[in-house]
Amino acid sequence: REDLWVREGKILNPEKLFFDEKGSADIQLDCKDSIIAPGFIDVQINGGFGVDFSLATDDFKSGIDLVSQKILSHGVTSFCPTLVTSPPSVYHQASDLLPSHPQGDDGLRIRNGGAHGAGILGAHLEGPFISKEKKGAHPEHCLRTFEAGAFQDLLTTYGSLDCVRIVTLAPEMKRSSEVIQDLTKRGICVSLGHSVANLSQAEAAVQHGATFITHLFNAMLPFHHRDPGIVGLLTSDKLLAGHGMISDGIHTNPAALRIAHRAHPKGLVLVTDAIAGMGLAPGRHTLGQQMVEIDGLNTYIAGTKTLSGSVATMDTCVRHFQEATGCSVETALEAASLHPAQLLGIEHKKGTLDYNSDADFLMLNDGLYVQATYIAGEEVWRQDASGM
């Protein structure tokens with residue numbers, strides 16, 4: 001029922017305008033009873049619309065550009081392009097082509113979003129320092145361990161950390177604790193995943209600086225009452241910042257979503273874990289070095305029943321999460337905006353509608369379908385009259 005004031009790409013405190021400047025709005029827009037919410041932030045997306053971020057190609061940059069453009073219609077205003085376990089050459093190419101502005105005082109490594117597409121918040125490197133037993137759709141021949149060099153092994157594999165925002169690793173690996181400390185010192189978020197870690201190994205990782213769980217429940221030991229494993233961090237006194245959930249109705253049963261939401265509601269971060277097949281017809285597509293098969297919303301490594309990422313869009317995940325948990329609309333929207341911003345330490349800039357934050361916001365109808373997407377106060381996508 002209120003007004004949202006925007007100037008120069010930021011959300012404005014209107015008191016300054018009214019009382020100090022005696023000004024008024026240059027442009028007024030009737031939002032017609034829409035919900036206005038912060039733009040969605042996807043911290044785990046492997047590709048979409050035929051583009052696979054983990055494939056070494058000459059047109060890597062144009063692939064990133066295409067995905068960043070297409071996800072605007074699903075309410076995503078910034079994201080972390082995610083690379084699954086790959087050969088070093090793929091990481092090296094990505095580090096050359098992804099935007100790698102040095103980290104500023106505000107903690108942002110970023111390519112700003114706009115009409116060209118959603119902003120890039122730095123890469124999420126998922127692997128190759130993960131468990132063979134819980135590799136999921138990651139190719140075994142590319143997996144690595146920390147050898148004598150520990151952190152140096154990681155640098156050799158990735159090539160550069162300039163464009164990296166999140167690293168997913170298995171905390172039970174030898175020497176992982178020193179690697180976690182070194183990554184954390186550089187302002188990189190360490191996430192635990194694709195792992196057979198027990199609870200004490202997971203807690204040790206949190207004490208060394210890990211703050212996130214990659215797609216909770218998937219690719220980790222199932223909860224066991226005598227050793228709850230990584231899942232036990234949900235209620236541990238060594239509590240971490242958050243846990244990613246693929247809320248597509250396939251990866252996690254609605255009951256599992258409810259457990260995660262009730263145990264640690266403030267830390268739940270919705271991720272798509274989307275693969276190249278998102279937005280495409282069923283059939284065979286790639287995920288890094290593997291071929292995957294899409295059947296409805298199910299995605300499997302071809303010829304197996306191993307799940308391999310998702311084809312659900314972020315707005316679909318928000319709607320499914322709200323329906324599965326019965327949470328408030330605000331809670332569902334925060335899980336895709338505020339919580340990922342807090343995870344990356346950028347909540348003073350993104351993920352809220354607070355004064356002075358970036359004017360990245362959505363208009364949604366009561367069913368939480370996106371009607372329009374704005375970045376820095378500029379309309380970058382709007383549903384046309386035909387509903388497209």
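The backbone N, Cα and C atoms fix where each Cβ goes, glycine too.
Features reported for this protein in TrEMBL:
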type     : residues                                       : note
ACT_SITE : D273                                           : active site, proton donor/acceptor
BINDING  : E126, H194, H215                               : Zn(2+) binding site
BINDING  : A137, N218, A219, R226, H251, L307, S308, G309 : substrate binding site
DOMAIN   : 35-380                                         : domain 'Amidohydrolase-related'
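Positions of TrEMBL features highlighted on the structure.
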residue : record                             : Cβ neighbours (10 Å)
E126    : Zn(2+) binding site                : 29
A137    : substrate binding site             : 24
H215    : Zn(2+) binding site                : 25
A219    : substrate binding site             : 26
R226    : substrate binding site             : 6
H251    : substrate binding site             : 25
D273    : active site, proton donor/acceptor : 29
L307    : substrate binding site             : 20
S308    : substrate binding site             : 27
G309    : substrate binding site             : 34
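Among the recorded positions listed here, namely E126, H194, D273, H194 has its C-alpha nearest to that of A219 (substrate binding site). The record gives E126, H194, H215 for Zn(2+). Within 8 Å of the mean position of their Cβ atoms, the other Cβ atoms in that chain belong to Q44, V84, G127, I130, G136, H138, T168, S191, G193, T214, N218, A219, D273. Proximity note: of the listed recorded positions (E126, H215, D273), D273 have a CA within 10 Å of the CA of S308 (substrate binding site), given in sequence order.
Here is what falls inside 10 Å of the CA of H251 (substrate binding site) among the binding-site residues E126, H194, H215: H215.
Each of the binding-site residues H194, N218 was scored by how many other Cβ atoms lie within 10 Å of its Cβ, and the smallest score goes to N218. A Cα-Cα distance of 12 Å separates L307 (substrate binding site) from H215 (Zn(2+) binding site).
Between the alpha carbons (Cα) of A137 (substrate binding site) and H194 (Zn(2+) binding site) lies a span of roughly 10 Å.
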